[in-house]
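Notes follow once the structure below has been shown.
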Amino acid sequence: MDFFGGQGGASKGPIVGKAITKKIISGPRPTGSGSGSGSSSAPATAGRSTPTIAKPVARPAAGSAPAPAKKALPVIASTSAKAGPSRPIAGGLAGPSGSKAHLSATSSRASTPSSRRKRTPSPVRSESSSNSDSGSESPKAKKAQEKKRKRVDAPPTGGSGSATPGEEKRELWCLDKVDERGEWGRGWAGFVGSEAAVRQDVLGFAGGKGEGKVSLDKYMAYFDQEGFGNQEPLPSVELLYPAVGCKERFVLLVPTSSREYNPISELKSVLKTILEHYIPPSHAHLFGTLSDSIDLDPLPLPSRLHSPLPPSSSLATPPPDPSTSSPAPTPATLRQETIGDALRKALANNRRDGPGFTRAVERYNTAMADLQRSGEMQAWMREKSGVMGQGEWSSVVEVVHEQAYSRVVGPYSDLLEHHPKHPDEVAKAISGKEDAYGELRHKFMSQIVHDTHLTPSSTFVDLGSGVANCVLQTALQAGCRSLGVELLPVPAHCARLQVAEVKKRWAMWGLNGHIGVEVKEGDFRTGEVGRWLASADVVLVNNEVFPPALNDDLKNMFLDLKEGAKIISLKPFVNEGFRMNENNCDSFDAIVRLSVHNYYQDWVSWKGDSGRYYVQVIDRSKRRKFDEEMKGGRRRR
């Protein structure tokens with residue numbers, strides 16, 4: 001996932017006969033940062049008129065009837081700077097494109113580098129560079145120019161099936177490649193189910209004994225009807241996933257604390273995601289969505305602001321003619337209720353209809369099974385891969401990964417925040433506060449995936465990967481090979497649990513993630529991490545609390561990164577005001593381009609406000625250029 005700057009080059013203007021000229025009287029230049037002309041702002045000269053252009057008149061083609069002569073009208077050129085769309089630039093920085101002053105009313109919009117250099121305060125006389133008899137661009141030339149404009153100016157969408165310049169197109173879904181094999185022939189029993197998460201009935205869970213007898217005092221009923229209370233057997237409903245034959249039983253209870261796993265909230269998110277992203281348009285009338293509104297109110301009363309017209313008024317609407325009028329539209333209360341409507345009404349806080357919700361889910365399961373057998377959903381998802389936007393794809397990734405996190409990482413939240421005493425080998429590797437735990441949240445990593453243009457052929461390495469959130473997100477959202485290493489035992493254990501659970505969840509949803517995810521436990525300064533870094537395209541380091549000595553060790557490791565590799569960090573590894581000289585030309589700073597970016601509220605777990613992160617791009621051309629300049633200076637001496 002690399003950036004491409006604006007594509008330069010000459011852009012041909014309109015073809016005008018050589019006897020026809022246009023005269024431009026230069027005036028005040030437009031002001032504003034990042035001018036596309038490449039010139040700086042200049043004060044207006046007193047008494048100088050606004051630039052005017054004599055509009056060229058096209059000469060008729062040979063053999064055509066002569067057109068009546070028309071007087072060319074003067075056109076006042078715009079001197080306001082027009083901000084272009086957001087455009088990536090080389091080196092990992094995303095910023096607005098340069099603004100341009102449109103000095104011509106013709107179809108030519110881009111100026112050549114040479115013409116930008118020639119824009120001086122003195123009058124300019126411009127002649128056409130062609131002797132063609134045609135006075136305007138041919139349709140073929142216009143089409144090519146428009147195609148080039150769209151290719152250069154289109155902002156990147158990133159992280160989706162729609163490929164941007166330099167970005168690989170990938171299939172986001174693989175529903176037609178998922179079978180009922182599950183995990184080593186055991187069917188779909190390999191994942192951690194909702195009831196197992198409520199009971200903490202999985203060996204390895206913090207506080208769980210694997211016996212299914214954990215106290216349920218942390219949960220209470222959501223539906224008020226009989227049979228839906230917090231008692232054995234637990235109230236539940238079975239839900240069919242997009243993958244054929246994959247079902248999960250959800251417990252219909254809610255936790256008493258926000259820190260506990262919430263099956264009702266998760267069930268709402270799962271249903272909403274399936275109805276919005278997996279249902280083809282041909283079945284939308286049957287499924288609906290949980291976001292649709294249904295009008296259950298009576299007919300509106302007349303407005304108090306306007307009195308109704310009297311019957312005798314000529315503006316009053318006459319009664320309809322039964323012989324010609326069409327049938328009245330069906331009221332919203334009489335239209336067929338979609339599955340989404342039934343689910344939303346049953347889950348509403350003022351209803352909480354348990355039996356109604358159960359019937360709605362059974363109706364959904366029947367319709368989903370029919371849709372799976374028809375193959376229409378699989379065909380729709382293949383088609384959708386090419387048009388799905390970055391935000392839409394990111395929301396699906398977040399829902400699926402949140403399922404795994406809440407099941408296998410959530411029970412360890414206390415141990416992650418207040419870790420136990422470290423083993424001796426871990427304690428020796430810690431010299432400061434680097435064992436403080438914090439997470440980069442989904443929105444932060446979505447921005448990184450977009451800005452660094454990770455692709456399926458890229459390699460992502462997370463040094464200090466924690467519970468593997470970032471490693472797993474890049475493996476699915478970008479489809480790239482993702483590797484992580486974590487020193488602390490508790491986060492490393494959670495990472496192994498989460499990687500296994502997430503891979504099963506990808507299959508349940510039919511998502512095409514990169515299954516070559518690796519997480520290791522240990523010190524990232526040892527072992528095979530050096531080999532990982534040699535092939536890395538993007539390296540993530542949450543060094544918010546790293547001591548200076550550890551950051552220095554990392555800089556020495558980064559010397560082996562390949563050209564163009566990007567380092568994302570919470571603290572910079574280089575000085576922002578670095579200037580190369582003979583004394584520091586051998587330092588890490590000499591081969592890096594630094595850019596500063598902002599992250600926003602709740603993008604990290606350890607604070608609720610915004611902050612900065614840094615992108616360092618390996619660029620050894622700076623050092624080579626410095627060496628050439630030094631050699632040239634010695635030869636002159």
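Using the three backbone atoms N, Cα and C, a Cβ is placed for every residue, glycine included.
Residues or ranges marked as region 'Disordered' by TrEMBL: 20-168, 301-333. Under the heading compositional bias 'Low complexity', TrEMBL lists 26-77, 104-114, 121-138, 154-165, 301-316, 323-333. Here TrEMBL flags 303-631 as domain 'DOT1'. Positions annotated as S-adenosyl-L-methionine binding site by TrEMBL: 437-440, 460-469, GLU486, 523-524.
The binding-site residues under consideration are ASP462, ASP523. Their Cβ neighbour counts within 10 Å are lowest for ASP523. It is ALA468 that, of the binding-site residues LEU440, ALA468, has its Cβ surrounded by the most other Cβ atoms within 10 Å. Mean pLDDT for the domain 'DOT1' (303-631) in this predicted model: 86. For SER465 (S-adenosyl-L-methionine binding site), the number of other Cβ atoms no farther than 10 Å from its own Cβ, over all displayed protein chains, is 27.
Counted within 10 Å of its Cβ, the other Cβ atoms near TYR437 (S-adenosyl-L-methionine binding site) come to 18, all protein chains included.
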